[in-house]
Amino acid sequence: MTVTNNEIAREFAERLLAIEAVSLSPDAPFTWASGLHSPIYCDNRVTLSDPQTRDLIADGLASLVRTNFHQVDVVAGTATAGIAHAALAADRLGAPMAYVRSVPKDHGRGNQIEGRIPAHSKVIMVEDLISTGGSVLKAAQAVEREGSTVVGVLALFSYELEKGHRAFEKAGVPLYTLSNYPILIEVAAESGRITSEQQATLATWSSDPQAWSDAH
């Protein structure tokens, strides 16, 4: 997994913390829907409510595309979390935009892809948050079944989990993110939001979330 611009990564991490899109609580962990205990909770929907953060997302995602891809025909968001961010990026790039449902609709035309992705298009997928990568890679498969090529995935933030690393490597799809978990906890420590001891505790989580959860 790749973050191509460390300055943007640190700035975006600071914004996520400042607007409380990300909360860190190593001493009183959150419980995820899966039942896992986690020291981090990320709600990137909050970013849409802050104009400064939206601008940073739009500019950052567009920069990732221009820097890393020779040709992009369509920007496609994952439903629902990636739709708004895909629209921001597509607008900056002057590119067509579509979105991909997790499953086809059970009525009407039964579409899984909404909007137009012509056959043989080179497509960038946009997701808000990467944990294992399963959702966005499943959406990418739907795009490729229709005859286009997913050339990469962009996301706002990644937990940098080993399971996610393996999934993207197996799929052969490059991932670029605006920021990630190691950078975020570093910024949080430097800004005094967490202690050095808490930073050390947080650093152990991403290497084995299940073991961390079991111990907390």
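We count from 1, first residue shown onward.
Quick reminder: no glycine exception, Cβ is built from N, Cα and C everywhere.
What Swiss-Prot says about this one:
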- ARG101, LYS105, HIS107, GLU127, ASP128, LEU129, ILE130, SER131, THR132, GLY133, GLY134, SER135: 5-phospho-alpha-D-ribose 1-diphosphate binding site (BINDING)
- SER131: orotate binding site (BINDING)
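Secondary structure at ASP128 (5-phospho-alpha-D-ribose 1-diphosphate binding site), as computed by DSSP, is strand. Cβ neighbour counts within 10 Å, taken over all protein chains shown, single out ARG101 as the most crowded of the binding-site residues ARG101, GLY134. Looking only at other Cβ atoms within 10 Å, the busiest spot among the binding-site residues SER131, THR132 turns out to be SER131.
Cα spacing between ARG101 (5-phospho-alpha-D-ribose 1-diphosphate binding site) and the residue listed as 'orotate binding site': 18 Å, rounded to the nearest whole number. Most buried of the binding-site residues HIS107, ILE130, judged by other Cβ atoms within 10 Å, is ILE130. Here the binding residues for 5-phospho-alpha-D-ribose 1-diphosphate are ARG101, LYS105, HIS107, GLU127, ASP128, LEU129, ILE130, SER131, THR132, GLY133, GLY134, SER135. Their largest Cα to Cα distance works out to 31 Å. A 10 Å cutoff on Cβ-Cβ distances gives ASP128 (5-phospho-alpha-D-ribose 1-diphosphate binding site) a total of 25 other Cβ atoms nearby, all chains included.
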